[in-house]
Amino acid sequence: MSDRIDRDVINALIAGHFADPFSVLGMHKTTAGLEVRALLPDATDVWVIEPKTGRKLAKLECLDSRGFFSGVIPRRKNFFRYQLAVVWHGQQNLIDDPYRFGPLIQEMDAWLLSEGTHLRPYETLGAHADTMDGVTGTRFSVWAPNARRVSVVGQFNYWDGRRHPMRLRKESGIWELFIPGAHNGQLYKYEMIDANGNLRLKSDPYAFEAQMRPETASLICGLPEKVVQTEERKKANQFDAPISIYEVHLGSWRRHTDNNFWLSYRELADQLVPYAKWMGFTHLELLPINEHPFDGSWGYQPTGLYAPTRRFGTRDDFRYFIDAAHAAGLNVILDWVPGHFPTDDFALAEFDGTNLYEHSDPREGYHQDWNTLIYNYGRREVSNFLVGNALYWIERFGIDALRVDAVASMIYRDYSRKEGEWIPNEFGGRENLEAIEFLRNTNRILGEQVSGAVTMAEESTDFPGVSRPQDMGGLGFWYKWNLGWMHDTLDYMKLDPIYRQYHHDKLTFGMLYNYTENFVLPLSHDEVVHGKKSILDRMPGDAWQKFANLRAYYGWMWAFPGKKLLFMGNEFAQGREWNHDASLDWHLLEGGDNWHHGVQRLVRDLNHTYRHHKAMHELDFDPYGFEWLVVDDKERSVLIFVRRDKEGNEIIVASNFTPVPRHDYRFGINQPGKWREILNTDSMHYHGSNAGNGGAVHSDEIASHGRQHSLSLTLPPLATIWLVREAE
């Protein structure tokens, strides 16, 4: 037994209970000279090798049969590069000693990470292939300040936590280690003795790729190259741009018919992207693609926030999909979930044995609706983890926008909680001040760092200023989903037309608050699940009336101020609710031309017409862009308004929400002349009754509705028509 190392230290190191392996392992100056120590379980012989010559400088003595070796290098006083020749099971291997390398994280990075102000923490934390002192390998870093010991385990060390214990940087709570020879494509995890003395295996919070469920290991892979957002993509996100979003769940848009298996990212690039382009959509919105263990969460309970799910392929396959969308002229929106995370033991929950990422009090840290945990936004490192993630998807994948899920659950402490189940903020209020500051900070940083990318909020309350700048007291989002408009209009449309006259305000109320936010009008995945029925099936009447109602509603929606969002399947009037375990009902479009084809053609024409006419999108958030012409004809359920562009060009939109055609319907207009019908949801092209106005109508100098000139139209039954004024 050597007198240079205490037996208790060796025992603790081998047992995995020693927190400072670099103080023991590697090369050290002692009174006897330079001593090299190594923990190499199952090794039988170890020599210190001079790399340049390959000469054996010293044989290390086995001080413990469990694999602890030590030896003094004669006639050497200064540290030098060395390798170890190790014999395992009769086979000699030449390795570089991980414990001869100095600290990995620079002092400035460590300080910024501790302060929570490192814009790109993913460039430092996680697993990064690197070359140090001429040696190729991978540097690993993980934040676990309360763990007693952390080791890297993986395919490079037989998943043995004794072999690669990490160095703790006490000033930041980060553990680090460079492992020579570990390379891209290998699986790894962190094995730790947590704050309570329990042995845990954890996935890397900053892993750039991960295994597909049910496996949970992280994957070493390089940081993706940055993607520059083009000027065209920036313009496509602006307030005056036409934005028509096709919301998609990649796992159920279409599946292989022979085995019901998912399409890959590359197959989706070849099928989904050209379809969305052909349909005239401007944006693809993807339900969360972060790695997640439970298919039924649709991705909204992510465990790998930095890793695209392997369900559909590799990280590079996903980048291929994004590139294909951009090449087709489609911007890509990613659903982003910074509001909560699942309780799975391999992920963030009680990461180092303490409530590291979540609040410790369940009244703050547990979401009973979803059985998930809530991030502690007041903890700087946690907020930094999330802000960095937002920047990561935009900078490294070319994502054009983030749609933030469940904002209301973040900004209200009493969200879905009864009295006594929540804790007021420091001022006694119900607002989650830390979450509000986190959202403002995220939006501010994205605006500064990736100008042109935007964020959208799914916020279900009337919290003021969601899409207003921070200096105005807002949250700083660019857009907000108008869930009130969605609920009101769907409630109206499901009524039998005979009762709609008593609920006329459900269609007009939206304009009373339209300019308080920058709204997106969403018919999202949430509206076609959990017994709500499909959008088509909510419409009243027989089959003909259901389809007519739906077409009229779409015509109304595409004309109403606000950007558009339609969940997949609704574009061809799928009749059943969405099922995430199966393909959309594409068979409805097989065979002869039918009502489903008609709705699909209508949505395509709506998109292309909406994009072509600036009046339909240029002034969504400016009162000049909208004017009621007929707002009070509730007895006949008729509504008529004007959309207007910056130059004053107008489009008239007229809707008749009863099955009774309205002949010779006169109303006042602003601009006399010939008005051409550019869209009629009752057209035979869409399988309607083909009532209309022969393609065009001339105005009369007959006063109506307080205006000198007027039009006399036929308003088709259960239909919306658009008219544009012909140039003189």
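Cβ coordinates come from backbone N, Cα and C, glycine included.
Marked as active site, nucleophile by Swiss-Prot on the basis of sequence analysis: ASP405. According to Swiss-Prot, the active site, proton donor annotation covers GLU458, on the basis of sequence analysis.
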Collapsed DSSP category at the residue listed as 'active site, nucleophile': coil
Rounded distance in angstrom between the Cα atoms of GLU458 (active site, proton donor) and the residue listed as 'active site, nucleophile': 5
GLU458 (active site, proton donor) in three-state DSSP notation: coil
GLU458 (active site, proton donor) CB neighbourhood, other CB atoms within 10 A: 21
Cβ neighbours of the residue listed as 'active site, nucleophile' where a neighbour is any other Cβ within 10 Å: 19
